[in-house]
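**Student:** Quick paste of what TrEMBL says about this protein:
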type	residues	note
TRANSMEM	A:6-32	transmembrane segment
TRANSMEM	A:44-62	transmembrane segment
TRANSMEM	A:74-95	transmembrane segment
TRANSMEM	A:107-128	transmembrane segment
TRANSMEM	A:134-155	transmembrane segment
TRANSMEM	A:175-196	transmembrane segment
Amino acid sequence: MTDSLLPFSVFFASIFTGNILLTNYLGMCSFLSVSKELKTSTGLGMAVIFVMATTTPLNWIVYQYLLIPFGLEYLRFIVFIIVIAAFVQLTEMTLERYSEPLYQSLGIFLPLITVNCAILGVSLFMVIREYTLLTSFFFGLGSGIGWFIAIIAMAGIRQKLKNAKIPPGLEGPGIALVIAGFMAMAFMGFSGMIALS
Amino acid sequence: MANKLLRKTFMEPLGKNNPVFVQILGICSTLAVTNKLQNTMVMVLGVMFTTALSSLTISLLRNHIPSRIRMMVETMVIATFVIIVDIVLKAFYPEMWKQLGPYVGLIITNCIIMGRIEAFALQNKPMLSLVDGLASGLGYAYVLLAIAFVRELLGTGSLWGYQILGSWWTNWSIMIMPPGGFFVLAIIIWIIREKFMKEAKND
């Protein structure tokens, strides 16, 4: 595959074959607790797409131009978390000030996102896989969309589950994990299409 | 009296208040490495170390942290301990460090650590918080090790890298792939909840 196509293959791979939630188990906490309702899932999913697509390239810039020149790579955990937290806070304040409807639909989910493991995970994967700036952006965007698809599908299934008879011990998180397992199996069907190195 | 409290603090996260079964917290960062017992052991040791020591640190500082910025301070403390784990691993077990990849860093976002600090360490004395952190880590560790045990045994027929089952065994390759982790965790939660619910009814 040529280098110029790499960002796009990473984009599709991170949605389907290397779905951050279903193959790396990242973002499980909010996935399990929020996916009870379709509406909130949509809001959170959108917020995740936005934050991932923006913080991943942002962290790339910080890592390449601040941490590497000063030999501070080992500080990346702290720095990435600060960048993500600061960015999320800033976005929340901007939304609250300038766009009331957008704040209502997206902003209220932003504080939840800082502690979402998937956001930090994407940035750490980006460092380990040595992506370029453009590829990082597409990787962040793709991972966000992948997470969005997973949580929407899960919320849809769980709404139907309300009418189903489930063994008492399996109710709630238990059945959600079983469904996630089946979804992961379904997504394995994509493997072989594009590989995520 | 003090001893009793200490014991209660220690036992609760292991049994009826287990962070994984009851609260389904913190599986994000570690579930991914449960396809091998060895990797899981290293990860849960890292989590235990971080949980115990960050609980202790926050508890020591609890009267000096302004509540407005406490989340930030907590994250900094947790991240510091995770960096220590990362550096130690990189220096002494570079092979393991490479295999675990980004998952060591993801201990920071493990909800158990932040959860225990918020729920316990901010209100309790240092010694008690240390015990609570350690016990929560242990309660978490044995569940994850159980998952890894099942996955490695069924998926590769080996344990801790040693071949246990003979050539008659057909590997369940689904077990070492992502869906296996979901299924095994779900089944373990099911068994435990079923058992606990029965006990609760008898009380």
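Just so you know, glycine gets a Cβ as well, placed from its N, Cα and C.
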**Student:** Please indicate, using numbers and ranges, the residues of the same chain that are 6 or more beyond the transmembrane segment (A:6-32) and have a C-beta under 8 Å from a C-beta there.
**Tutor:** 44, 48, 112-113, 115-119, 121-122, 131-132, 134-135, 137-139, 141-143, 145-147, 149-151, 154, 173, 176-177, 180, 183-184, 187, 190-196
**Student:** I need to check the long-range neighbours of the transmembrane segment (A:175-196): which residues 6 or more away from its ends have a CB within less than 8 Å of a CB in the stretch?
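**Tutor:** Same-chain residues near the transmembrane segment (A:175-196) but 6 or more away: 9-10, 12-14, 16-19, 21-23, 31-32, 35, 150, 153-154, 157-158, 161, 166.
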**Student:** Can you work out which residues elsewhere in the same chain, 6+ from the ends of the transmembrane segment (A:44-62), have a Cβ less than 8 Å from its Cβ atoms?
**Tutor:** 27, 30, 34, 79-80, 83-84, 87-88, 91, 105-106, 109-110, 112-113, 116, 118-119, 122-123, 126-127, 131, 133, 136-137, 139-141, 143-145, 147-148, 151-152
